Amino acid sequence: MTNIAIVGATGLVGKTMLEIIEGKDIPYSSLTLFSSARSAGKEIAVKGETLIVEELTEEKAKQSFDYVLMSAGGGTSLHFAPLFEKSGAVVIDNSSAWRMDDTIDLVVPEVNTPSLKRRIIANPNCSTIQSVVPLKALADSFGVKRVAYTTYQSVSGSGWQGIDDLTRGEKGEAPKNYPQPIHHNVIPHIDDFLDNGYTKEEAKMINETQKILNDDAIDVTATCVRVPVLHAHAVAINVTLEKEPSVADIKNVLGDFPSIVVMDDPTQNIYPTPLDAAGLESVFVGRIRKDNSLPNTYHIWSVSDNIQKGAALNAIQILEDLLSRKED
Ligand code: 2RA
C-alpha cells in the first residue's frame, strides 16, 4: 500500500512527474494531485484513471501519505512539507527552500544517498544536477579542486511562464516573466541578484555543488545565463583536478558512470546540444579537452533536459530508491 501525493501537479515539473510515473509504471495504491486554488478542479488522466486536482489545505496535508512529491515553489514547501512530514510522509521537494538546510539531504541518486535524518529530501537545482553527475565521476577517480561554470539555461527552467515569454517574443510582444526580451537574446541574469554581484541561481550552483559532493574545500564559481531554447540546459564546466589524467582517461571514467552518455567526436561534429537531450533521461557530455591555460584543468560540456533529470526524473529516481529500500 503506497499512497503518493503530488503537489504542483499542473505545473511543468508536476506534469512531467506524472508522465514519468506512468511511463515507468511506478506502483501506488493511491495517487492524489494537489495544486493552488486556481488550478483545483482540473482533471488529469493517469494510468487510465481520471484524477481531479484538489486544492492543498492544512487539513489535507494531515492525510496519511507515504511519499509526497512537491514542486510548487519555496513558500508552499516551507509551509506544507513539515506538515506532511509530521503526518508520516517522506517529502521529495523540488524547490530551493530546504536545499541548504544542514538537516536536509540534497540528493542526486547517482552521486549520494539520503541519510533520512529528516523525512524531507531536497531535489537540487536543475543546472547543478547535470553538473555534479560528471563531477562526481571525476572526483572519485581524480579528485576535484576547483570548478568554474557557465550555464546556458532553457526557458522551460522558468516553467510555463518562461515558455510563454519566448512565444510572446516570437510574436513581437514584450516579456512578462523575464527582465529583458529572451527572443533573439541571451540574459545573464537568473533569479534575484545578491549583494556580492552573483545571482541566487549562481549561488545555488556554488553551494549545492559543495553540499552534494560533500566537500566544502572545492572552490566553485558560476555565471548563469538564460538562452532562447525551449528544453534542456547546457553547462560549460571548467574543472581543475588533483591529478592530471589524459583526456582518454576522462572520457572512459565519464562513459562508465551511470546516466552519462559521452558524445564527443570533433572530427564528425559530434557533441551534445539541447535538441539532442530534450525529452531524454541522460546527462550528455562532450567537447572534453585539456585547458590550455591552467595545469590539471579540463573543459567539459554537459547537456541535459532540465525538466527530466534536472527536476522531475531526479525526484522520481529518489522515490524509486526509497521504494526499493522499503522492499528490502
Ligand atoms: C531555472 N534553475 O532554470 C531554474 C529552474 N529550477 O530557472
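Including glycine, each Cβ sits where the backbone N, Cα and C put it.
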Co-listed NADP(+)-binding residue [TrEMBL; alongside Thr10, Gly11, Leu12, Val13, Arg38, Ser39, Ser156, Gly157] among Asn296, Asn306: Asn306
Three-state secondary structure, which DSSP defines for Gln153 (substrate binding site): strand
In the chain carrying Cys126 (active site, acyl-thioester intermediate), residues 6 or more apart in sequence that have Cβ under 8 angstroms from it: Gln153, Gly157, His233, Asn306, Ile307, Gly310, Ala311
Fewest other Cβ within 10 angstroms of its own Cβ, chosen from the recorded positions Arg38, Arg99, Arg226, His233: Arg38
Recorded NADP(+) site residues Thr10, Gly11, Leu12, Val13, Arg38, Ser39, Ser156, Gly157, Asn306, farthest C-alpha pair in Å: 25
Where the C-beta lies under 6 angstroms from ligand 1, the matching recorded positions among Thr10, Arg38, Arg99, Cys126, Gln153, Arg226: Cys126, Gln153
